[in-house]
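**Student:** The structure under discussion is supplied below as structure tokens; questions concerning it will follow.
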């Protein structure tokens, strides 16, 4: 079936991308397991929606949580929700019923939003590292440095940075011709998976994609690492072991989220660039783990490791149960 679709969608006249229709295969070689893969995808997608919505509702309804660290967490939850909605519905459609057809415009839009949201999330994680640095190294200036205006500007910078860095990609792909096959061996319109189908010179696409990724992941990881080096130096200067533990404890949630977010991203990036002997389905599974796991696990990490959020969530549910009991009486 996929081969027939690929042949019927071939473009012998070098049809431009704007008039093309693509077909997403899913996970080549593991098609018989698509229904089984749909179960964790559905669970992770549901956890993403429920967990991040809880974070947003709890922070919005509790004035005590209107602090910079929780406002950054709301930005992270909003980005995770948007990224999930741009990937999970189509992914489930492919795994459940093989509905892999996607128009060129939808493919370009999905490609743009997936990469843009990932870059926005990286920017917010960097801002959260800066928040922890100011809170521990300059606690007396915390309120004057991280004002609501500065937080809003950081949010705007995250949106603009992610959007502008990804903006050239649709135009670079739009200039290409696809003269062989329009069958994409992937679960979503991944940038390099689409570029590999093109004829002609694709070096500008490859160079720009690699440069944009390094500019975001490389710069942000370096700055986050520098922040935590300075934090560690400040913590070691504290005289009390209890004060050191308390200071490091405030960074625990953010460190876990960084590991959850960047570890699968780096694995996916390096296996795609250098792991030429790695089977294709491993590449695709790693790419999906990068998109599915962080949005689902981030709210769990903050809900479990952050006392303020944990207490407010319990209070909200207790309030809801109390209202339900009164209504039944």
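Keep in mind that glycine also has a Cβ here, set from the backbone N, Cα and C atoms.
According to TrEMBL, the record shows the following:
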type	residues	note
DOMAIN	51-302	domain 'G-protein coupled receptors family 1 profile'
TRANSMEM	33-57	transmembrane segment
TRANSMEM	69-87	transmembrane segment
TRANSMEM	93-118	transmembrane segment
TRANSMEM	212-239	transmembrane segment
TRANSMEM	251-270	transmembrane segment
TRANSMEM	282-302	transmembrane segment
**Student:** Which sequence-distant residues neighbour the transmembrane segment (93-118)? Criterion: at least 6 residues beyond either end, Cβ under 8 Å.
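**Tutor:** Tertiary neighbours of the transmembrane segment (93-118) are 1, 17-26, 34-35, 37-38, 41, 79, 82-83, 86-87, 162-163, 165-167, 169-170, 173-174, 184, 187-191, 194, 212, 216, 265, 291.
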**Student:** Mind pulling out the one from 69-87, 212-239, 251-270, 282-302 with the most Cβ pairs under 8 angstroms to the transmembrane segment (33-57)?
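**Tutor:** Between the stretches 69-87, 212-239, 251-270, 282-302, 282-302 has the largest tally.
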**Student:** Give residue numbers and ranges for long-range contacts of the transmembrane segment (212-239): same chain, 6 or more residues beyond its ends, CB-CB under 8 A.
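**Tutor:** Contacts of the transmembrane segment (212-239) (Cβ under 8 Å, skipping residues fewer than 6 from its ends): 115, 118-119, 122-123, 125-126, 129-130, 132-133, 136-137, 165-166, 169, 247-248, 251, 255, 258, 262, 265-266, 269.
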**Student:** Mean pLDDT, the domain 'G-protein coupled receptors family 1 profile' (51-302)?
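**Tutor:** That region's mean pLDDT is 87.
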